[in-house]
Amino acid sequence: IFHVFCAEEKLVENLASMSTRERIKAIQKMPETMKKKREIRNNVLREITEKSERRGTQFDCCTKCLRRTEVSFRRFRNSLSEHFHQLWLWHKTLKIIGGEFGTSVLSYFIFLKWLLSFNIFSFLINFSFITVPQFIAAEPNNLSFTGLELLTGAGYFQKTVLYYGFYTNATISKTENGASYNMQLAYIFTVGMYFVICLLILLISMAKSFCRNFINPQIYSGNASKLLCTWDFNITNEKAVKLKQKNLSTQIKESLTDVNKEVLNYSVTETLVHILIHLGAWAASLGTAVAACASVYFLTINNLELFMEGHKNDLESQAAMLVLPIVASLLNVLIPFFYSWLGQLEKFQNPRNRTYVTIARNIILKISIIGILCYYWLDIVAASKSQCWETLVGQDIYRLILVDFIFCLLGSFFGEFLRRIIGTTVFVSLGMPEFDIARNVLDLIYAQTLTWIGILFSPLLPGIQMISFFIVFYVKKVSLMKNCQPPRQVWRAAQMTTFFMLLLFFPSLTGVLAVIAVTVWRLKPSEECGPFRGLSSMFAAVSEWIKILENYTGSKWVVWIYNNLITSELFFFILSIIFL
């Protein structure tokens, strides 16, 4: 018996010293019963556990403390990361919207949050590098504040850091021999670097979104993974569980809708009728856009004549200039409702196609109106006899943004609240309205385009737009929850965000860069105001700075970049090909 026990003990020790794979094979080849093999395997596992415990006792107390500290720190870091993720701006709100209304409506709010981050970044940069230094050299404002300036942007605000004309062209320094701050270079480089950063961020975001939603969509949104592997078993709160269930249910419905979509086969007559309806809708939308642009153009001419004939500091004449932004905002609010009606009349099979067509019509309208306004500012106002045409442009953009914000709030009331009242009490067959993604997204792009144009003429304009976007988010969220119903046709809109970014890049940002380039390189600044007074162009400040740097050996690389890149048409041509 003793010999048998010693043999078994030696066998267990030999098996314990083997690798897992070798041990399994060795036990399988033994000429023993299954019961005996299980007993040997259990003895081997027990031996391995005892050996590891004996080794563990050899570690000193410091090593154990370090291991415990490392594990505790890792748990604390994961917990902290989870809490910060929960505290991220509107994190819970976006999850609720996605669960209730699907990714199509959620894409609007994600886009709004993304634009808000752009304006926060712009405001911080402009305030830090342009506005704060100006406070040192600022002169006292002797104009009285009446309150009407909040609507007109004129009067008291003319002599504040809100507008281009208030900024000095002098080199700022606290002491005679201390460090100096060139306001001309700070102004043009801050604005220029901001647009370069915006361009890069937008291109990178578009590339990531395109890769995620077009090139490899199955990696990020597989139906099997959503059904089997998406649930988070750490969720224990009842509200969080219900919200997660709604979110997953909506996503699966959207994916199944894409898979099971039906293709209707029309007869030749029905196809011709649909083509005629589409052509008629496009003719009506383009004709409406042309009429709107014509009315805005004639209003701009009268707007300039009113300003030139009236007293420049007369607040009543300035208040009369609210006619242009009110009419422009009315056109931007009312005509999209007409476009939405046209989209319903065309009866698209896929709601995604209807949204894309409505967005295309809205972008033609809004960009055309902005194009007319830019022509008015750069060709007519810049050539006028105004003492400070840059401030006049900044006031116009201020009024347009403010009135557009007011009409956006009114649109939520009249377009969604009253529509719900009518649909639930008067005409019950209409029901509650759906959230109009196309109209609301184009309102955001229109407002952001105006803000980008206005940065050069009013550096603090992104701060105003930042506040307005913040308010719009909550107004739209409340209006969505109270007045709108989920889309009748569920559809996956993961690709919508990419499309929104594309519209923001072209024609919005590319058009703004063209306007800024013309203003900086071609137009002559005002003689009596602004940091570039007395120069042939804003860019002349950079040219004069480069001439000074030519005398310093350590700055030769800056001169080389200016001569071979900044002033090179070939460089910008290659750059345009790469980006476009």
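Just so you know, glycine gets a Cβ as well, placed from its N, Cα and C.
What TrEMBL annotates here:
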type     : residues : note
DOMAIN   : 388-494  : domain 'TMC'
TRANSMEM : 114-136  : transmembrane segment
TRANSMEM : 185-204  : transmembrane segment
TRANSMEM : 275-299  : transmembrane segment
TRANSMEM : 319-342  : transmembrane segment
TRANSMEM : 363-385  : transmembrane segment
TRANSMEM : 397-414  : transmembrane segment
TRANSMEM : 421-438  : transmembrane segment
TRANSMEM : 450-475  : transmembrane segment
TRANSMEM : 496-521  : transmembrane segment
TRANSMEM : 557-579  : transmembrane segment
Touch test for the transmembrane segment (450-475) and the transmembrane segment (275-299), at least 3 Cβ pairs under 8 Å: no
Sequence-remote partners of the transmembrane segment (557-579) [C-beta within less than 8 Å, at least six residues beyond its ends]: 199, 203, 542, 546, 549-550
Counts of helix, strand and coil residues, the domain 'TMC' (388-494), according to DSSP: 79 helix, 2 strand, 26 coil
Cβ contacts under 8 Å made by the transmembrane segment (319-342) with residues that lie 6+ beyond its boundaries: 148, 151-152, 154, 281, 284-285, 288-289, 292, 295-296, 299-300, 303, 306-307, 310, 358, 361-362, 365-366, 369, 373, 395-396, 399-400, 402-404, 406-407, 410-411, 415, 436, 438-439, 442-443, 446
